[in-house]
Amino acid sequence: MVLSIRSQIIIGVVSSIPLTSTILAIAYILMWFNGHMTLTLTLTTIITSCLTLLICSIFINPLIQKIKQFNIKTKQFANGNYASNDKTFNSPKEIYELNQSFNKMASEITQQMNQIKSEQQEKTELIQNLAHDLKTPLASIISYSEGLRDGIITKDHEIKESYDILIKQANRLSTLFDDMTHIITLNTGKTYPPELIQLDQLLVSILQPYEQRIKHENRTLEVNFCNEIDAFYQYRTPLERILTNLLDNALKFSNVGSRIDINISENEDQDTIDIAISDEGIGIIPELQERIFERTFRVENSRNTKTGGSGLGLYIANELAQQNNAKISVSSDIDVGTTMTVTLHKLDITS
């Protein structure tokens, strides 16, 4: 049986009366007190105990009410009612401190729950977007494959065009799966060893796979080193992915025949390097420039399939940058172009 605070106080005070009376009776037997004095002390004890009980009730009732209110508050929170409760208990000190600790805990849990809900919503949108993106290349592959199989596509130039489309859509699927893999591994805590990087050699290895595409689309791509940059230590694998995604984005949102510029500079104290990739594309309005690195955001107002991809490239690049001692900034003008700048901090492997 669990007793309330009020019951425990009443039992304690009432129990003190017979205990005190017994002690006084023993004192009378031992002739420490005479009969009149013993009776007086006994009555005084009873009256004092009653007054003590009354005074305790006066002080304890508000405390019990606060504890009941606090209990209701905790039950509501336990039942999933995470709405903020601004009720404050200013006294006694222990209840005040307990309430403050509970409010702090409730606030942190509420923030975590809101974050979980937000992440779940983002994941749902991400899955829906990826499912949408997968349907288009798959439908195209199925359609052209059936056309080739059934003999509907017979002319040589149509057959060649069909194969080109099949390869393009297969590459698009590969990119989608690659993005999905990177999304899964982004928050696993995977680390990369620092490597000595010669920037010109790194750029050659990154740009080489784009050579045929740039030539086929009649584009101009120029790389400009503003000053001589010595080899430095950085995380090669994330850096390659960041630059690849930014270059993909520049090609995706600029027209065939346009220009891509890559400008590399080192700051005066030689501890950071800026790699700026500029295009002559559609541009991004100022109010959207802060959102382009969100996981579920795409620059297109509608999900325009002509750009391809999953729309995750910038999100992946930004996450990798934040995790690996780098930063991405953006400047853009509508119908003029966009510049994405990666700021790398050289790693000091001796520290």
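Glycine too: its Cβ is placed from the backbone N, Cα and C atoms.
Since we're looking at a predicted model, the values are computed, not measured.
What Swiss-Prot lists as domain 'HAMP' is 61-114, and the listing cites sequence analysis. What Swiss-Prot records for 129-348 is domain 'Histidine kinase', and it gives sequence analysis as the kind of evidence. Annotated phosphohistidine per Swiss-Prot: H132, in sequence order. The transmembrane segment annotation in Swiss-Prot covers 9-29, 40-60.
Taken together, the residues in the domain 'Histidine kinase' (129-348) have a mean pLDDT of 85 on the 0 to 100 scale. Around the residue listed as 'phosphohistidine', taking its Cβ as the centre, 12 other Cβ atoms fall within 10 Å, counting all chains.
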